[in-house]
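S.K.: Submitted below is the structure of interest, expressed as structure tokens.
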Amino acid sequence: MNIKAVWRRGYTGNGVVVSILDDGVERLHPDLKQNYDARASHDVNGNDSDPTPRYDATNENKHGTRCAGVVAAAANNSLCMVGIAYNARIGGVRMLDGDMTDMVEAQSLSLRQQYIDIYSSSWGPDDDGKTVDGPGPLARLALENGIRKGRKGRGSIFVWASGNGGQRKDHCSCDGYTNSIYTISLGSTTQSGRKPWYLEECSSTLATTYSSGESQGLGIVTTDLRQRCTDEHSGTSASAPIAAGIIALTLEANPLLTWRDVQHIIVKTSRRGHLSAPDWQSNGAGYDVSHLYGFGLMDAEAMVKEAETWREVPTQHVCEERTVQNARLLYKSSGCSAQRTQHVAYVEHVIIRVTITHPRRGDLSIALTSPAGTKSQLLSLIVGLTYSFLNSLCVGKLMEWALVFYGTSSHPYQRHEQPRSAEMSPDDDNTEEYNSSCDPECSEDGCEGPGPHQCVSCLHYFLKFKNGTRTCVSRCPQGFWGDRKRCKRCYSSCTTCTGSRSDQCTSCKPGHHLDVENGSCVTSCGDGSYIDHEENMCRKCSENCEKCTSSSICTECTEGTSLVGNKCQKSCEDGTFYSEQSDECEPCHEACATCAAAGLESCNRCADEYLMEDWMCVTSCRQGFYPTQSRMDNTGQTQGFCRRFSDFTCVGGGMC
């Protein structure tokens, strides 16, 4: 998939944020903690900010941690492996370890849509060959809001595994998550390019990555629970995070790509190659497609090259042809050519909404054939399945149908060949002066074409790419700052900034933390400060702390103070303790040699002739305990203890 070639071009996922929606992510795993992003994480099941999985004897909740490593395991640490986007920020949403409700899914899909770029999901309805299910109204709304408003209006990227029910003849068209136009559905192939035993076939699969499934073959190497590694990650569950990592590399190359741009780039660059399938066919746009592999194997280098010079696709139109009649032959569609804002001449997606009553699901088959002859199998026959749905007493009957076309009225990107659509191609004479509307980001100076890269001058800012091209943007992307209508690069360790100097950072790249005192990005916080992982900042420790791990936990104290619990307090002599109320050293209880506060229960060490029993100083041991010989405690002083008798049975003679 040419991932190493992308690394050689300098792309590693820098500045891109990916979140794994799953059963949790082990944030302290040594191969993940460098790139872990608390802002891209949440525990929906436990209603807190920590996505750490629930541990049990079977390691049931390992799935999310395995997916996270595929995307962004750190490089050059001699641990498990290297993530595809090994400098991307990685977070996790713990949402599968509990009741899967519409609200849980919506909360997960809606998490910080202005911060997270890519959401990776390797779950869906039961892969039993019977279940037809999809997102509820709240989850659908979350997906729609994500593509319309996420990433500052460019659209969140939702990546989904197509499913592992192939052995049970499950059909991913019955999975409402993978067949949504808002998600990128990923299938799998073996290392030799063959169909894995678990792969589901359907028309909604967009592309494919390598995964497990070869006879005697290994799975995907990645991170595992309890800070371990594994070579057993498998199925389309591995394909989704592989694709998420490749898309992260692509977004680093061009952070202005919209959600539709990403889908177009995948379609344009994926390749049939050595993938073996009996149903490869060439569609009306000239691309090879298959129900097994979509448009083929993803090619990371080709995607990045396209992204570097990509021009945003035109506005999407929606055309719906609908009837409630029982007709079985669908009439020829005009693509809503009479409505300018709905006209679709170049199709991106086609959705068929159909209501059918039928006594046997296994006898039902639905196919859609394009004007160019491309046949898409929307639902396949399942031999031997007698599962009934809707009304088992009626004969098969088409109740209503609707065809919905999503696409553009003009070609989404420049191509030299004749368009293969139902319409005649537009006039090829491009010598005339452009006199139509300009992109909203163009200034009043006008433009030479409809795109933001064709403005004479920019209304807000212009952004220059590595290849010398430039485009107009409403705001500068991460890694840049706006200076007199020009997006300038931040200092190398900054993600966002107010200037190009090293002390003008406002957030930092992976492996660095923002020192709020001087505005610089540092690799480690100095004495007297700690890392705030939630905000990725160095913050000052509390008063009297020389070193600390948080604002409330000191580990070393300044001179004249001592560590009591997690706090640094004024040093007091043995037999006394520091009282915050009086700001003085006050005497301990008479049974205490040292103490943390007043009272018998606050002794740290007992006075002479007292014994420590369950953290209480007593003169003699109570029933069930016996005194031990004095031993050294951690202060170097001797201390007597009361130890509990072992639970043995007493035998004759009073001996135990």
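Here, residue 1 is simply the first one shown, and the rest follow in order.
Note that Cβ sites are derived from N, Cα and C of the backbone, with glycine treated the same way.
Keep in mind that TrEMBL annotations are predicted by a computer and have not been checked by a curator.
Since this is a predicted model, take the numbers as computed values, not measurements.
Here's the feature list from TrEMBL:
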- ASP22: active site, charge relay system (ACT_SITE)
- 36-61: region 'Disordered' (REGION)
- 51-61: compositional bias 'Basic and acidic residues' (COMPBIAS)
- HIS63: active site, charge relay system (ACT_SITE)
- SER237: active site, charge relay system (ACT_SITE)
- 305-472: domain 'P/Homo B' (DOMAIN)
- 412-435: region 'Disordered' (REGION)
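Situate these features within the shown structure.
M.R.: According to DSSP, ASP22 (active site, charge relay system) sits within a strand segment. Counting every protein chain shown, the number of other Cβ atoms lying within 10 Å of the Cβ of ASP22 (active site, charge relay system) is 30.
For the region 'Disordered' (36-61), the residues of the chain that approach it from at least six positions outside its boundaries are 17-19, 23-28, 89-98, 104, 107-108, 111-112, 115-116, 224-226, 533-536, judged by C-beta separation under 8 angstroms.
Per DSSP, the secondary structure of the compositional bias 'Basic and acidic residues' (51-61) breaks down as 0 helix, 0 strand, 11 coil.
In the three-state DSSP scheme, HIS63 (active site, charge relay system) is classed as helix.
A helical conformation is recorded for SER237 (active site, charge relay system) in the three-state DSSP classification.
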S.K.: Taking only the residues in the domain 'P/Homo B' (305-472), give me the average pLDDT of this model.
M.R.: 68
S.K.: Cα distance, SER237 (active site, charge relay system) to HIS63 (active site, charge relay system), nearest Å?
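M.R.: So the alpha carbons of HIS63 (active site, charge relay system) and SER237 (active site, charge relay system) sit roughly 8 Å from each other.
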S.K.: Work out how many Å separate SER237 (active site, charge relay system) and ASP22 (active site, charge relay system) at their Cα atoms, rounded off.
M.R.: 10
